[in-house]
Each structure stands twice: as C-alpha cells, then as structure tokens.
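S.K.: To start, I am sharing the structure in question, which I have written as structure tokens.
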C-alpha cells in the first residue's frame, strides 16, 4: 500500500511540473492577446440528428447554418433544417461522401463558412480534417489538430495517460500491423482480448476474442469495419476487462488553459460495444471514485492543452479500480444527459470557445457546476432485438413520438415517409428523460416510449422498455455484461400494429384483388344486414345448463325425456358449407349470435365447428378457428355447441396418429372447462362406417368429457328391397356396436339427402324399437326437396332431434327449412317450442347476409336442387363443389356427365359410403374419367396402366380404412401392383406425433406466443397453418373488417369504421391509388383517424413481368437468406464446395456493421445467388445448400 502511495506521489509530482510548464506557456497567450472573433456561418460536416442539434444551437445564437449531404441523403431532414445545403461526394459510396475532405473544404470556401463543426463519427476525430480546416482558414469547432491527433490515436492517448499517472489497461503501444503481432500479445497477456479502431469509436471495429481459433476471423472483421467507418483500418489490441462499468467524464476546455468537468455518465448498457442507454450521473458511484475520475480527466486534458468539448472514458472493475481507455475529442452522442443534469448547453459552449471566449466569461467555473437530478438517454434504433439487433431498413409508414414533461427528443429522420437506408447508423431518435432520481426519470422514459408508434421498420423500443423496468437497472448497478446476463430482456411483448397492418391488407386488396379465391364473378352486396333487437341481460337457460350440471349421461336422459321435437341449427356450419363454400366469417356469425342465445335457448344444439370449417377458416377466411369457437361461446353461453369429428381423421382429411386424435378432443374440452367457451357435443363419424376408426374417435371424445354422438353414415335406400348392400339389418347391427361402445346419442348422418319419408319411418322406427332409451338424431340434406317431409316422418317414427337451417340458408344442398319444421309441428305433439316470429327475424338477417357472399353462392350456377341425387348419391356439400368445379373448368355443360361418372366411379370402387373424405375419392375418380373420356369398363380393363388420382391410390392402399364388403377386386390389385397396403386401422400403425418437438419448432419459427391450439392446428394442417401465420404476421387479424371490405376492399373516397376491440375504433377513408413504381409497388393512400397514412403494396401482376432477387423460403432448410438488408462485402464459398454447419458463407455490411452469415447445416453449395457488392434486402436468397 505504501509502495502504491509513493508511486502515486511521484506521478502527481511529475504531473505538477508538467502543469506548471503548461501554465507558463499559457501565460504568453492571455485573454488580452487573443482576439474574440464571432462566428457568422457554421457548416456541420455530418448528417442526421447531430447536424440538426448543432443547427438549432447556431440559430439560437444568430449564426447562419450550412448542411452537406450525400446523394443518398437527398430526402434527409438535416439538409432542410439548415439555411443552405450542398451536395458532396458525388458518385461516391454513401459513407465515403462524408469522408471526402476536399469536397467539404471546397463547399466551405465557396460559401464563406467561418467554422466547421464535425459532429460525431465520420471525420470528427480525424486530425487531417482539423488541419485541412485550419489550412483553409476555416475554424474547426473542436481541439487543435495536434490534440486531435494525440487524443484520436488511442495508442498515443494511452501513452499520454501513462505519463500522467492515469491507470490504463494492458495493451499494444502502437497500432498493430499484422496478425502475428496480435498473436504475440495474446501469448503474453492471454485471453480474452479486444480489438479497437485506432481512429474512431462508437463500437465500430471493436471485437472481443476469447479463443485462439477466433483470432484471425475477428481481426479481419475488425480491420474491415474500422476501414469502412473511419477510412483507416488501424487497430490496437488490449486485455479485455470482464464485467466492468463503463464510466465517462465530460470535459470542456478553452483557449486559455481552463478545463472543467461536467461530471460523469454511466454508459455500461451496451451491445456489440455500442451504447444503448446512458445515465447521468452514474448511480451508486463512490464519491471518492468520482473525485478520482474527474480529477484524472481534467489533469489529462490540461496535460495536452485540451480545447473545446471532449470525453474521457474509463472502465471501472468490480473492485472499484478505474482504467483509462480513451479520449473522444468531440461531442458524444450522449452529451444530452450531461446537459440535462448540469443545465449547460455544450454546443453553445463549443461555439463560444471557438469564437475565443473563456469559460469564466461564459459563467462556467468548476465550483458553479452542480448535479441536478438524473437523466436517462435511450437510443431508439431501427434494430430488431429478437434477431440479434440486426438493423432493419425501409420506409417509416407511421411515426408518432412520446412527449410531455421531462422528455427531450433529438432526431432527424424520424418522420412519416422517411426512408431508413442500410448505408448509415440505425439511430432513429434519442429520447432523454429527466427526473429528481433515477426511478422518476425511468418512469417518464417508460411512459414516453409507450407513446411511440413506429411502423414500417422494427425498433428496439420493446427491449428498452424491458431495460427500464429491470430492478437491477433501477435500484442496483449495471456493467457492460448487463444485456448478456439478463436474457429476460428479450422476452418482449409483441407490437400489435393492428391499424397499419389493416391498411396494408386493404391496400393489398385494392391493388391485387381478394386474398381468397373467388369462384363466381359477382360482387358482395352493398347492403349491410340489420341485427334484430336483443334484450338486455343474460339469455335464458338452455340445454347446456343441463349438460354442465348433470354431465353427458344426464344430458342424454334429459334429451330423451323431452316432449316435442328438438332442433339442431346448422346455419353456423353445414348450411353455409353446402351453399356458400364454407365461406361465412366469424364477423357475421358474432353479430347474430346474441339474438340466437336470447331467442332459441331451447335448441338441442348449434353445429358451428369441425369439418371443413376448420381448415377453411385459416386457408380462405384468414381467421383462427379456435378463436371463433371461443368468441361464439362467450356470446352463446346457454346453447350446446356441436362439432363434426371425422373419427380417426379428427378435423382433417387423412388419418392421424392416435395421440393426435385424443389431443384434438382434449383441447376442445379444455377450452370448455376453465373458460366455459369450448365444445359440448362431438358427432363422431367415419367416411366408410369403419368401426375401428369410429371407436377411436368416440373414445377420444368420451375420455375428454364430451357428449359422444356416434353417427351412422347413411347411403342406399332401406325402403328398396333390391338394394342389398346397405340394408336395414346392416344399420341395426352397426348401431348395436355403437351403443355397446357407449355412445350417448345415436345419429343417422344422411349426407346426400337420400332418406325418403318411407325409409325414414323404417330406419328410425327400427332403431327406436331396438334402443328405446337412446336419443336419436337425424341429419339430412334437402337436395331433392323432400327434406321437410322426411324429417316429419322421422318425428312420427320417434326421432328426438332433427337438423334444420334458417330459411334463407336452407334447401337445395343445405338442410331443411327451420321455419317450415317449426310451422309444420306447431300445435302438434312434435311442437319445437320455437317462436315462428323469431325465426322470421332470424331469416331476415341471413337473407341480407347471404348477399355479402355472392362470390361464393352456389345459386350462381345451380338454380335448384335435383332429385337425381337418389341415383348418384352425391353428398350435399360435394354436389355444390362439383358444380362449381365443372363450371370453373369449362365443363358446366357436362355436369350431367360428371354426375353419371360419379355413379360409375362409385360402382368401380365397390359402392362406398360417401362422405368426406371417401366422397372426394369418388369425385376425383369421376372427374378423372370425364377428363380422359373413360368408361367404367375401360377403367377396369386399363387399370394397370392408368395414372389414377393419388386419393384413389391411397384409398385402395387402405389409408382411410376398410370399406364395408372389402376392396374391389381385381381393380385394387391392378392399380396397386407392388405398392404397400395398410392392414387394419390405419392410425394403429402410425408412430405417435411428437407434440413437444412440434411446439418447439413452431416457437422457433413464429415466436413464443404459440398456443396449444396452434400446435393442434399445425399438427392437422401444417402447410395451411404456416400460411395462416405468415398472413397474420403481415396483415394482422382481419376478422374485425366487415365482409364486403374483407372480400372486395374499400372504394376510393369511401369512409368506414373498424372496431379493433371494445372502445377502440378506427375511422378510415380510402383516398387514392398511386402509379406503379420501378420496384413494382403502388402507394395506396388512406386517412386514418384524421391523419394521412400510406402503404406501399407490391403489384403481383406487374411484378411477374419484372425481375427481382429471389427470396429464401423459410420452410426449405438449405436456402440461406440475408438476415438483414445490406451489401455483400465478401463471398467465402463457391458452387460445389462442401461446407460444415456453422462455417462462414459470406459477409454483409449494413449501417457500418459487418455480419458473418454462417451455414445452418452441413452439405454442398448447390448455387450462389450473390456477388461482392450485391445489395440485398432482408431474406433475399444468398445461396442454396444441398444436404
């Protein structure tokens, strides 16, 4: 200790002697011998917010201002804020323009500039620039050139610090010139080490190296970054201090030897050695350490005769020891926090000092400088924290800042319409908050950041908000590892950005048309439906209360004991599946849902989910089917919901592993239990009546706690004694098995509407006699027009429940009319208990609503039902689809042939039960026969040489089960030849689905907001779910739009409202559609809540004729895309080269930062799509790797 003190005294003595010599020199340049020369015109040799900051100070002092700008900066705000602005560096790269000293000096001389302010970065620490100014007779607002040289050269500054007795970190004594020198340093001092640019800061050229294997790569990257940022790639190397605090002291000197400090700033919160958040003063800093830091800073400045503003930077280790690292001989980005706590305008001071005024004249004496409260600066950047802070570029579609008491904003390119380019720093705006203490300042900052709305580019605002709420930040101390050691900082709440995404969607529809395929050339009706009046208060109780109270068994008993005919309303699912291609949106279902809850509480159930609605919701309506279920449940809490479950197919079209079927049902029930918003009744069926598949679905639904309604798919005609395959005895035996298996309700699923009144009496009567205590439910379609008669016959035979649809959605390929059944049973023992007047009100809503779906209405091509279904047995929904398909393929005039071919195809396949997916197999074969002009006999004869549809081949292999009576031979053997065959229940031989792995994969792809329902959606429909997530990422949830806007978009000059959620309504007006740009885009203009907004939309038709760089497909493993926009500076591999996982492929440069793109897998480079100097956008394809 004594030895250390003695060394310290010696150092101080040496410093005292030097100071005396300096003061002696200063005495010869007293204030009387220096002339005060006011500045009349200042040029800022910089861009962005620092240029504007200086311009504002000059304007306040009555000084005229001059801006310079590169060719890439013609639209930047700094050139508009100056009195004059001139182009520099014509033809040069973006950064090089601001480094071109001859151009800058030329502009200054030609325009009578008195002084040049260098800002920060670029030429601010270049001694040759300071000297060039002096040589040209233009004052340099900063230290003298020789001081800039000493302080700007970190190696020389380090030597000066050592001579002044200031502690330093072990490092090289001069700029290193080779990798060998670095290796020798590492052999002496060990790892870790850090490279630093010798002629600049801001984190450029800084690289920490912890292992010998990383040395060469990081040396090359650091050199390249320093060269690009400062025009000189010189580096020096020093020992890296682990987990230090980064404390810097603001100094200010004049021409007369006066130097003062304005206390310190804590800049420890950094990433990639770039400061993110700065605080003044440093929290919990020992007063004695503060004294040492400030004293060393002032002494060091006086040692070199420092003039103007500067910063002395230190590292403070965990033991409280401080180490000098560098002097920044310029204004710092974070000078703002010092200004806030000291009330000293540093730019004013710089200008006055340059004019020749002394610090005492300006009232700047050390004893007058006081700390007043705390200040925080957050650098809001266009970087994405979730992707390693990769810079983002693009157009600011929206910019709204946070303001208010205690908030200061310093910005430049932060305005709507500004283009953030990859050429410069990613800083968007500096937000400075002041308060009496750190928590107060942090609260103001958090509030201000929450008010920001930045759309069009990613920002680090969510990350900054997490920092500000971190307890270590608020109440402890932070070091330079703070970000690395707090991974929870990256658990950011996603920005919703709903309004702007909706504008993008509306713009996309205006430019490119509907996002969902439109089968009919018709427009949605311009008339909006009116919702009938709904009383206030809760709806009356219904059968769901019985279910929740007594469970599935008690529910079934109550249904059987009920007097009168019960109805299930299919309007919310099968009706629109049959008539409108399953296109009815949740938006229109939700509007009428409260009316249903209040007026039809005595319905047995509502069918509103499952079947085609599941995938169509995501695929074509761009909405979540699970959310539909939840929202409808909240609006209709009293009526049971029923869904269609395809046995082992769940809600898909193929077989799934058993655990997937169980999990899909469990998710439905889990939705019900805690939140009271899930499914109640599961109508389980199999497209072949294949019992093993049905038993799996029944067991899955039952074990999850749902009501099991086993459905027998009906075909043929039990009243026709000549039909011997599907006889009454067949159905009774099947029913016997289902009852034994524990079904709560027995259902007859007449998907083609084949039940004639006589067959209805026979079948229902026989089932009623055999199972007197079992509730029986009949589902049919009205394609032939006999549906109402058949259902009345069922009621007479003892059925408990029949399916109906509201009148405008009934008939033809849909269900029988609700109004007709209600009217026909009124006053009889089968009375439904439903008010016919309320049915009329319900019908009026749906009559208008159906007009909104004119582009999908089957009546565009099909004007009536047809009794020929008794012959062709085409299911209702498929009948509509085939009719659409025939017309869309130009075969409308051949639809009769298609129907005949359907009959022949059915016979070829052995006379199947026909319901999805078996009906699709028959339909595919029928269309195959029509397209190839094949007869049944020709198909049988040539079966071994024809290329059958895949669905037919997989059916014959046994992928959906075994049909009643077995597979058709010899057709099966001819088609399959040596192809493998599935024996027994298909799902039994399938390995379990790994839901944990699937969830992990989904989270890696889509983020952490993946729900269990999302996992099920991806399991059932992986590609559809992927496309749905991509859609919502781009356009957000669009279910808040009315149907006409969703399908057709707004008309120009149309005004409308969109309710995002309760209490949040957007007022939107479509204004104009711009011309096609060279980039293949059109600008679409809107007015949103009274403010002008615009979005750029790619014209997909025009872009097909224009060449653009291909994009990397996320779902293709070997395609490597650009992680950020930028320029290719090096390509490290070539086509045909073998690469290992993690091997560097190429180097990108953006915003003066270089990023190495590594190989995501091992393999061979199949193709390289870029060259050196290629300019890339995010996700542009770099190369392809074949595994």
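Any Cβ shown, glycine's included, is placed from N, Cα and C.
Positions annotated as domain 'Biotin carboxylation' by TrEMBL: 38-488. The domain 'ATP-grasp' annotation in TrEMBL covers 158-355. Per TrEMBL, the feature active site maps to 330. Residues or ranges marked as domain 'Pyruvate carboxyltransferase' by TrEMBL: 565-840. What TrEMBL records for 646, 916 is substrate binding site. Among the features that TrEMBL reports, domain 'Lipoyl-binding' is placed at 1117-1186. The N6-biotinyllysine annotation in TrEMBL covers 1152.
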S.K.: At a 10 Å cut-off from the C-beta of residue 646 (substrate binding site), count the other C-beta atoms across all protein chains.
M.R.: 27
S.K.: Between 0 and 100, where does the mean pLDDT of the domain 'ATP-grasp' (158-355) sit?
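M.R.: Mean pLDDT across the domain 'ATP-grasp' (158-355) comes out at 92.
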S.K.: Using Cβ-Cβ distances, find the residues under 8 Å from residue 330 (active site) that belong to the same chain and are at least 6 apart in sequence, listing them in sequence order.
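M.R.: Listed in sequence order: 118, 119, 120, 124, 125, 142, 309, 310, 311.
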S.K.: Please count the residues of the domain 'Lipoyl-binding' (1117-1186) that DSSP assigns to helix (H, G, I), strand (E, B) and coil.
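M.R.: Helix, strand, coil within the domain 'Lipoyl-binding' (1117-1186): 0 helix, 39 strand, 31 coil.
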